[in-house]
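As given in TrEMBL:
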- Asn92, His97, Glu102: oxalate binding site (BINDING)
- His95, His97, Glu102, His143: Mn(2+) binding site (BINDING)
- 47-197: domain 'Cupin type-1' (DOMAIN)
- 1-22: signal peptide (SIGNAL)
Amino acid sequence: IQMASKFFLLALLALSASHALASDPVFVNGFACKDPKTAVVEDFYFSGLHMAGNTSNKQGSIVTAVNVAQIAGLNTLGVSLARVDYAPYGQNPPHLHPRATEILTVLEGSLYVGFVTSNPENKLFSKVLNKGDVFVFPQGLIHFQFNIENNEAIAIAALSSKNPGVITIANAVFGSKQTISDDILAKAFQVDKNIVDHIQAQF
């Protein structure tokens with residue numbers, strides 16, 4: 001009888017625990033999975049990529065991201081998009097996506113693009129792209145785009161993650177909160193500390 005009552009108690013605990021888990025939101029990579037019964041069409045929709053972004057900044061470019069933060073229905077699907085607008089001679093500065101490969105298509109203008117392989121080769125793969133051209137930036141590698149013309153340029157990027165992330169190299173190295181010691185950066189970049197201090201002041 002004691003064994004039967006223990007079994008019944010364990011079964012009751014398991015049942016109540018599974019019910020509690022079923023009613024709690026399930027998070028995948030930090031994003032809550034929505035109950036399919038409550039999904040609405042807006043969970044799969046975004047409007048705005050037809051509008052040019054404001055490129056009046058130091059880099060002369062702006063990225064309009066369309067990932068899981070904008071479209072909840074992208075959760076777990078492993079894809080996202082971005083529109084990139086470039087002012088004349090503007091650039092999307094060297095950066096990387098830790099969780100995604102990117103494929104970029106030029107819609108308007110001409111871009112000089114490239115990526116650098118990892119150590120020890122650090123080989124640059126670069127090319128000038130024109131309207132309709134496509135280029136791939138492998139996951140985790142530093143890459144860039146530069147508008148080589150005195151006209152605005154537009155590109156669309158597809159990425160192999162619902163939340164690809166972005167690390168802009170200059171911002172991370174020179175604009176970190178707390179700042180990296182200028183002794184470390186001076187030695188890493190083989191320049192005087194005053195130069196490092198000047199660059200850090202820009203961020």
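Using the three backbone atoms N, Cα and C, a Cβ is placed for every residue, glycine included.
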For His95 (Mn(2+) binding site), nearby residues of its own chain (Cβ under 8 Å, 6 or more apart in sequence): Ile142, His143, Phe144, Val166, Ile167, Thr168, Ile169
Number of other Cβ atoms within 10 Å of the Cβ of Asn92 (oxalate binding site) across all protein chains: 26
Remaining residues near the recorded Mn(2+) site, that is with C-beta within 8 Å of the centroid of the site residues His95, His97, Glu102, His143: Leu96, Ala100, Phe115, Phe137, Leu141, Ile142, Pro164, Val166
Oxalate site, defined by Asn92, His97, Glu102: further same-chain residues with Cβ within 8 Å of the Cβ centre: Ala82, His95, Leu96, Ala100, Leu104, Phe137, His143, Ala157, Leu159, Pro164, Val166
Neighbour count (Cβ, 10 Å) for Glu102 (oxalate binding site): 22
Densest Cβ neighbourhood among His97, His143 (binding-site residues), 10 Å radius: His97
